[in-house]
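What TrEMBL records for this protein:
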BINDING   A:Gly11, A:Pro12, A:Ser13, A:Gly14, A:Cys15, A:Gly16, A:Lys17, A:Gly18  ATP binding site
DOMAIN    A:4-182  domain 'Guanylate kinase-like'
2 protein chains.
Amino acid sequence: MSKGFLLVISGPSGCGKGTVSKELLSRNEDIIYSVSATTRKPRVGESDGLNYFFIEEEKFKNMAKADEFLEYALVHNNYYGTPKEFVLEEVDKGEIVLLEIDVQGAMQVKENYPEAVFIFLLPPTMSELRNRIIKRGTETEEDINRRFTNAFKELEFVDEYDYFVINDKLDEAVKNIESIITAEKLKVKRHNNIREKIIS
Amino acid sequence: MSKGFLLVISGPSGCGKGTVSKELLSRNEDIIYSVSATTRKPRVGESDGLNYFFIEEEKFKNMAKADEFLEYALVHNNYYGTPKEFVLEEVDKGEIVLLEIDVQGAMQVKENYPEAVFIFLLPPTMSELRNRIIKRGTETEEDINRRFTNAFKELEFVDEYDYFVINDKLDEAVKNIESIITAEKLKVKRHNNIREKIIS
């Protein structure tokens, strides 16, 4: 019986972790997406258990106190968190669970669950990162500068990760992550009784 | 500047490590083959520095005493060993050096150079392993049984390795090793100043 693992794809805003994760999931239907819990109200088209687990603030706080999140954060008055139970159950079943998350969140996960596999997604250059932040088009000049400065600082955390992948071309970045997944699956430590399986 | 690594491909006799290594090298011209030193005389067609470093017994023994081998062994009155200097120099230059070696040798390498990447090559089944040992056709029934018993015992060492690859189909085994190489190259620990490279 082989154990799965939690794959954390992270990086500064503008590194393209959302796009890369989406493409990775669409090419690998066996990878399970880690669904976050949130106290925010569902938007039109969002469904419980698929986009988020929508829960009440009191329940969220109780779960946080009971140490039931791998990480959580308060963003614009709403809580968001990664329920531990869901991830651990799937990993135990041998599944690969993908968590796409910002650098702060990833560092919380590392603290609580260091056995996860941590990938830092990098922009090819800082000017490309700035272009990507600008291209979102929904932010003021001030927001853009703030995001860019944060991204710059967040790059320091790359040394806390297991792997880095440069997201220059999407296809190449996804293939590199697929190689990391293949290699991690072949790690002896994730398998019990390899010898017995060959012998029998 | 990124560091390379020593890739040790190992496994019991009959697992196909020779065939797999040859195919891996032919598909990846940037991988450097670790040339062994030996006190055996060159055979017709063998050239010094390509097939082996052919050296005198006295020199070999002095090198062994000076701890200049990653591993060595005496086989049929001839010494064979992996010169440390060659491997470490190439690794420092950022190269990937391939060492194909039996289980005893790999365990010596692990003792002397644990930072190498260790892959254990497995036969799909024990009966297939027996077939492969028989197919060599150069051995007596007694030799075959001895090899088979040894292979059986050597499987216990799989837990000492980083990765395992089942050599059922050659192409698949080579691709899995290529994924391991790709992933190992993307390890943060093999790179200095990732952040600085992106910033500049």
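Glycine is treated like the rest: Cβ placed from N, Cα and C.
Note: TrEMBL annotation is automatic and uncurated.
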Average pLDDT across the domain 'Guanylate kinase-like' (A:4-182), rounded to a whole number: 94
Environment of A:Gly11, A:Pro12, A:Ser13, A:Gly14, A:Cys15, A:Gly16, A:Lys17, A:Gly18, the listed ATP site - residues of the same chain whose CB lies within 8 A of the CB centroid: A:Leu121, A:Pro123, A:Arg132, A:Ala151, A:Asn167
Reduced DSSP assignment, A:Lys17 (ATP binding site): helix
Per DSSP, three-state class assigned to A:Pro12 (ATP binding site): coil
Intrachain C-beta neighbours of A:Gly18 (ATP binding site), sequence separation six or more, cut-off 8 angstroms: A:Glu100
Under 8 Å by Cβ from A:Cys15 (ATP binding site), counting only residues of that chain that are 6 or more apart: A:Leu121, A:Leu122, A:Pro123, A:Leu129, A:Arg132, A:Ala151, A:Asn167
